[in-house]
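One structure is given here, and the rest of the page talks about it.
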Amino acid sequence: MEADNETSTTVAPRDCIEEEDDHHRDEFACPMPDVLADKIGDCVVLSIFIAIGVIGNLLLIISILTTKRMQKPQYYFILSIASADLLVSGYVLPCVLSARISNKNIFTDAQCIFNAFVSFACTGISNSNFCAIALNRYCFVIKRHLYDRIFTGRSTLLIILLIWVIWFIYSGVEGATDNFTYLADAFACFNYDEKYVFSATFMLAAFGVFLPLCISCFAYGAIFWKLYRIKANLGESADTTLSRDERRAIFTIMVAFLVFNACWVPYLVQVITEKMDIHLSNMFHKYSVWMSFFNSSMNAIVYGLLNAEFRASYLRVIKFTAFKSSRSSTSG
């Protein structure tokens, strides 16, 4: 059955698509089985991650904006990531939840393209910011004499602005070339991973994921080798020593970076296996797409659990909000 003209093009679940030949698949939609238990479970999971993502990222943003000690260039990158994550948690995931409740594509073409644009751009922005943080910390620990010249407040803001502009342009090109669509088995609007030619998939994986990953791994590897030499007192000068708070901050950022990539690995596996004509299950595809979105709810948790400064700031914001609410209710 052809998709209705009022809704966006739908890519059917993989085990539901009729193959005309070995290299072509019809893009006719067929509905996902509407099993009540599965729907309830999916909706509960999505609702939990939406709540965690919205509340957590708001706490993270408010903490950075209101804490004087966090008015430093490296925290600007975290603020940028939290802003992108808030868009995913507060807009993209609720759209996925709405489609899951309806068990069908409820979006017009324009809505679906916009949803995919936001999710695609924000995930790229997050990864690029993590790479920038790794380089920031590398300069801070390894090239301290260059750090203050490269990562001034103004230059850091320009780097962040450049990251957002590049990914907005790239996402706009993806939308203009019809690479965004509704994925029926994931109930989400995203880039159609099966539609990409191999060269496009390779470029996206190489420059969107693997290159930032390699740069970050090199930076953190060099940092931890430096820290090891400092701890072992292997000829490192006194000006290279780091405070305990600085080491904890580096460790926290590295864990957040690892969580980000762990959430994206299943989706990359899905994309690569599809190009090798190895078709995984609908369930794997659904949760691989969702995990890439769920990452937007994880960073605030990581910072809160591993960084005492963020944890204290979270509590301060919560107490202030509760105090204002109690005063408002009392005066009312």
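Note that Cβ sites are derived from N, Cα and C of the backbone, with glycine treated the same way.
Per-residue confidence over the domain 'G-protein coupled receptors family 1 profile' (56-303) averages 86 (mean pLDDT, predicted model). As annotated by TrEMBL, domain 'G-protein coupled receptors family 1 profile' applies to 56-303.
The transmembrane segment annotation in TrEMBL covers 44-65 (among others).
Per TrEMBL, the feature transmembrane segment maps to 77-101 (among others).
Long-range contacts of the transmembrane segment (113-135) within its own chain (CB-CB distance under 8 A, at least 6 residues past either end) are made by residues 8, 74, 77-78, 80-81, 84-85, 87-88, 91-92, 95, 107, 159-160, 163-164, 166-168, 170-172, 174-175, 180-181, 188-191, 208-209, 212, 215-216, 219-220, 253, 256-257, 260, 264, 292-293, 295-296. Per TrEMBL, transmembrane segment is recorded for 113-135 (among others).
Annotated transmembrane segment per TrEMBL: 156-173 (among others), in sequence order.
Annotated transmembrane segment per TrEMBL: 202-228 (among others), in sequence order.
Feature annotation from TrEMBL assigns transmembrane segment to 249-267 (among others).
According to TrEMBL, the feature transmembrane segment maps to 287-306 (among others).
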Near the transmembrane segment (287-306), which residues from the same chain, at least 6 beyond its ends, have a CB less than 8 A from one of its CBs? 45-46, 49-50, 52-53, 55-57, 59-60, 78, 81-82, 84-86, 88-89, 92-93, 96, 119, 122-123, 126, 183, 186, 188, 190, 248, 251-252, 255-256, 259-260, 263-264, 266-267, 269-270, 314
So which of 44-65, 77-101, 202-228, 249-267 has the most C-beta pairs under 8 Å when paired with the transmembrane segment (156-173)? 77-101
So what's near the transmembrane segment (249-267) in sequence-distant terms, Cβ-Cβ under 8 Å and 6+ beyond its ends? 74, 78, 123, 126-127, 130, 133-134, 137, 141, 193, 209, 213, 216, 220, 223, 242, 284, 287-289, 291-292, 294-295, 298-299, 302-303, 306-307, 309-310
